[in-house]
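So the structure is just underneath, and the comments pick up after that.
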Amino acid sequence: MSSEDSLKSLSLDYLSLLINGQAFSDVAFSVEGRLVHAHRCVLAARSLFFRKLFCGLDPNHQPPPPPPPLNWPMAGGGGGGSGGGGRGGAGGGGGAPATPELVIPVSSIRYEVLVLVLQFLYSGQASVAAPKSGPLPGCGARGCWHTRCGAAVDLALDTLAAARSFGVEQLALLVQKQLESMVKEASVDDVMKVLMASRKFEMQELWATCSHLVARSGLSADLLAKHLPIDVVAKIEEIRAKSPLAAVAAPRSPFLTHHYLPMNPASSAADRDNKIRRMRRALDAADIELVKLMVMGEGLDLDDALAVHYAVQHCNRDVVKALLELGAADVNSRAGPTGKTALHLAAEMVSPDMVSVLLDHHADPNSRTLDGVTPLDVLRSLTSEFLFKGAVPGLTHIEPNKLRLCLELVQSAVMVTTRDDGAPVTGGAEAGGSDGGNFPRSDADDSLVSLTMNSTLMYQGQEMAAAVAAGEGRKSNNGRGSPPPAMYFPNGFA
């Protein structure tokens, strides 16, 4: 057996001791409700941090006192377990540990990070990459290989911080090498996180790699200044000034793809899904700046991601307004097998807030689905059902005042566009209306006309009366109200 094989065998033996040596352990770490058993002699031999820790605890192998408060990454102390029946009790055949097991609570690092640190201390080897396609906390992508996702980058950064805290420089260097390969395929916001970590830990090679990647991302200095310190932005601008590629890329549109790596066709679908999930989380948090960063730095297509449709369904008016003002999304983009626009969804939701903000940003009130249905047809159908049935299936709590206001807003927009086109106005959208077989309109036409006459006065008067009589205190739907409640959509776009 060669010396290399002997070292590998020794490494595996020590790693097996960490995994299966509970019966011989004399210390355990309690992290996130789980116990990680270890051995003081191994940890003290491999780490100066643990040597100093254990030298101050229980030198005569008596039941140890509670450990003193520890500096980051561990805090607090816990009592020792009893010999046979404690938490550090027997493993395997039921024998008791040679010495009472010391249990140390760890609260500032997570379980996966602690296990990685201990694996390196025992075997001299560790990898921040999770098992291929296996679960990794923080990553919800199915089948993700965790080679460049945000969760893998976060795990590597946490491991780097723990290695520095424990004084394990070999592990820190190993993680640095792995991060250098990860950032070349990571998103630009993850690269900026690694950039700041490399600055904190004074890792020059990692800093150089990340700074050049950010410089090549195409993000403007103003946008970088919102996410990075000004001195870091200045250094990135210096790199750009020295690079001939920066001058060539400068005239390009800020909404063209600026990603610094060619896409791998095998993983393009997973990349797209990951971007959409991150975009939706950003919209849920009203973080439009992050969405803008994804558009400019990663080439996110907001129309392909159905960003406006999602924001209309799940966010408030302000988020939809800010998203449309980015100028990177088509307000009339279509989604789903029927080709609905965001205005169709707002009409189905009976949300005056969404209808008004979409119309303010040039949504087409005459847009049709593949079935020839316009937003006005949707509202007329809901109104007909409300008049004849008293309630709309799936929208049992529909407010008639909101329905009237939505109908008036869309009808007014249709009249304006029809007048601008020079065509006669015949009942709202006659020139582009849907087939009569889709929405029966002949019997309810008179009711619809009377319903929409003077709708503003009816809306304001009934809203005030309802507030006085029932004390509900609803705000008038003038664009300053709260976002519409979640509703059932009979023909969702997904």
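Glycine residues also receive a Cβ, built from the backbone N, Cα and C atoms like all the rest.
The annotation region 'Disordered' is assigned in Swiss-Prot to 60-94, 421-443, 469-494. The compositional bias 'Pro residues' annotation in Swiss-Prot covers 61-71. The annotation compositional bias 'Gly residues' is assigned in Swiss-Prot to 75-94. The zinc finger feature in Swiss-Prot is assigned to 136-150. Residues or ranges marked as Zn(2+) binding site by Swiss-Prot: Cys139, Cys144, His146, Cys149. Marked as repeat 'ANK 1' by Swiss-Prot on the basis of sequence analysis: 274-302. What Swiss-Prot records for 303-333 is repeat 'ANK 2'. Annotated repeat 'ANK 3' per Swiss-Prot: 338-367, in sequence order. According to Swiss-Prot, the repeat 'ANK 4' annotation covers 371-405, on the basis of a curator's inference.
Note on the repeat 'ANK 2' (303-333): residues 255, 272, 275-276, 279-280, 283-284, 286, 288, 291-292, 295, 340-343, 345-346, 349, 351, 353-354, 357-358, 360-364, 367, 479, 482-483, 486, 489, 493 of its chain, located 6 or more positions outside it, place their CB under 8 angstroms from a CB of the stretch.
Here the repeat 'ANK 1' (274-302) is broken down by DSSP into helix, strand and coil counts: 22 helix, 0 strand, 7 coil.
If you draw a 10 Å sphere around the CB of Cys149 (Zn(2+) binding site), it holds 26 other CB atoms from the protein chains shown.
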